[in-house]
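Visitor: Per TrEMBL, the features are:
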- 6-25: transmembrane segment (TRANSMEM)
- 116-357: domain 'AB hydrolase-1' (DOMAIN)
- S196: active site, charge relay system (ACT_SITE)
- D322: active site, charge relay system (ACT_SITE)
- H351: active site, charge relay system (ACT_SITE)
Amino acid sequence: VGFFGSGVGLSLVLGFGVAYACYYLNSIAKKPQLVASNDRFCRFLEEYCPVVTETYYPTIWCWEGRVQTLLRPFITSRPQVQYRNELIKTADGGQISLDWFDNNDSSYYPDASTRPTVLLLPGLTGTSKESYILHMIYQSETLGYRCVVFNNRGIAGEELLTPRTYCAANTEDLEAVIHHVHSLHPSAPFMAAGVSMGGMLLLNYLGKTGRDTPLMAAAIFSAGWNVFESVESLEKPLNWLLFNYYLTTCLQSSISRHRQMLEKLFDMDLVMKARTVREFDKQFTSVMFGYRSIDDYYEDASPCRKLKSVGIPVLCLNSVDDVFSPAHAIPVETAKQNANVALVLTSCGGHIGFLEGIWPRKCTYMDRVFKQFVQAVFEHGNKIFSM
């Protein structure tokens, strides 16, 4: 009789399974923390976006933050999306690539002039091809909405016409895109969703503009609230090995194609020697946008400094085990001082992870938050816009 057939082995396996299930249910699966000072906003979310008050059950075999972050791009599906590309010119002679999903087959909103529009902002080196962006478009398609993806300069295959790329602090390109999209569809309800650096950029824009924006509301996912704390976390040995070095090489790869243009202003050999995001930003990003030091850039790029000035309803989802945005850097107390802001903090989920289910291929917790909040804003937003 083998070990498992002896009864002893089976008992051990069952005992371990029961113990793990108890640990998972008591310590891992938890309701998110909802931080919002506005009772009306809270009630609105509880009624029309109930996912933010329900227990989040992370995938039982990969709930740890780093694991979720690493596995999500490989596990989640990639819905097929047909884009219409548009290149728009900027005031300084550059160009920005927009990828449109028009959803002209929408049965809910057959009139294109009034079809709700969602502007999507990918992460640091992300484009419209990222799986999390494709999932947001899929969720929007089922609701009948139109989407447009803002690809940062030089990142989506288009030529760089001037020696300038992008950063989390400079909102000029985003402002141009928002006003361009709004001018094309001035009667269409309009909101935005930003992921990671895209969320930071969107928050910095909202902190700058207050209520003076065509956007009705915004959703932010896995934003890095304090850049100083983010880079320090990413420079810890394990995080550097798993994330920082790879991100740095991605940044270098994104500009290497434009080397001939950028060599007019930068020592590209020195930039390509960077081994951390901080070193890359010191040699390239902070210099490009005219900051006296990298500390000045990081201070300006940190959305926590501008959160008090946000003037439209914003829902922000973060996981407290996200090494890109450490829990102690999430501005909980500042959020409580702005009636337009709601934070949703999960105990697990990592960075743009939020995997759930036994085999988390089709839909994540983040996808469900996005879908419910976007639908709530477009279909019931009048209940919070009078806040």
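Every residue, even glycine, has its Cβ placed from backbone N, Cα and C.
What you see is a predicted model, and the numbers here were worked out from it, not measured in a lab.
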Visitor: Relative to the Cβ of S196 (active site, charge relay system), which residues of the same chain, six or more apart in sequence, are found under 8 Å away?
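Guide: Set apart from S196 (active site, charge relay system) by at least 6 residues yet with Cβ under 8 Å, we have P122, G123, L124, G126, F221, S222, A223, G224, F324, H351, I352.
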Visitor: Using Cβ atoms only, which residues of the same chain lie under 8 Å from D322 (active site, charge relay system) while being at least 6 residues apart in sequence?
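Guide: Listed in sequence order: G65, T69, S222, G349, G350, H351.
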Visitor: If you average per-residue pLDDT over the domain 'AB hydrolase-1' (116-357), what number do you get?
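Guide: Taking every residue of the domain 'AB hydrolase-1' (116-357) together, the mean pLDDT is 97.
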